[in-house]
Amino acid sequence: MNQSENQIDQILKRGVAEVIVEEDFKKLLLSGRKLRLKEGFDPSSPDIHLGHMVALRKLRQLQDLGHQVVLIVGDWTAQIGDPSGASVTRPMLSAEQVKANAKTYLEQFFKIVDKDKTEVRWQSEWYGNFKLEDVVRLSSKFTVAQMLARDDFAKRYAAGKPISVTELLYPMLQAYDSVMVKSDVEFGGTDQKFNLLVGRELQEMVGQKPQQVLMVPILVGTDGVHKMSKSLGNYIGVAEDPSEIFGKCMSIPDELILQYFELVTDIPDQEIADFKAQMENGQVNPMILKKRLASELLTQLYNATAAQEADARFTRVVQRGEIPEDMPECRLENGQNTGVIDFIILSGLAKSKSEARRLLEQGAVEINSEKISDQNTPVKCGDIIKAGKRRYSKAI
């Protein structure tokens, strides 16, 4: 491997919040040694979104320089739930839920990361045979005071909110993963800093060289306020339909455009700087930049054709208000009329009754191009239902 310092500097600077220890990591990258790059995922949810993609792109960039990704599927820790950034204890998942989520997760992971340069490891390989004495031995290396030094634990403790013993174990279990795979570098968001540093400590305790740590920024979701999260509904999933990805990109606040370009695309820095100047001077319509962002993303996740088709569909359906020819169809149960709320859920236009009612209250539901506000309005065969700006379904 013969990488230039400029290449490495670019990888370590753009879309990176902090590197520990940067000079040591840079020396490792210049050494020519094939590094083991650890990324862990708890499949507590089956989908990967752009927030995850920020770190995955870093992995891919380093894979392209010849390094090896080691993906840890947290089939054990997912049953606990990572407490990072959590204000309450998270519910535990069943082993069956975790396995089902992991299957989907892996399929989406390899939309971004090179499968041929990835080693997939499951925590159950080492935790499956763990005994109580092993847990005691591992936990004895750390103190409760160290765990309570975590910002999120400290806040919950001060507020009198519960912190389960399993949550206190979580950082140690994640750290032990690093020991088992002999990680050279671990990747994560800035909210993972405590866990990542515990990994360094434990490796030193057992005589391994401490892993370097690369942290990426937290991507703000489409609401412009909170961290991107499926539970908050402010996410863009990497496996969503191209038209859905395109439409969601168009909905992000203008002030997030440049951050998204930097973190999830390969647009050159100078071009992003030009976009910033043009926006500040009112020389460009933000919608044009959002379309460029959506196209860049779809080309990465799908291909250029999918990007072009999604762009054309957005222009027809959203900007011109045309009814799409390729809308999904939904069969009415027993061919009988059904209430609009039930149809919206049945067709997948909304995921819950509360979401469907909210769309009605916002005046965002139409039947055959007429706005509907009464939740008892019936839907019959042949009706075309629109929910939101770009979702359609035909009753058959």
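Including glycine, each Cβ sits where the backbone N, Cα and C put it.
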Correct range for motif ''KMSKS' region' (source Swiss-Prot, candidates 2-6, 57-61, 227-231, 322-326): 227-231
Secondary-structure category, per DSSP, in which Lys230 (ATP binding site) falls: coil
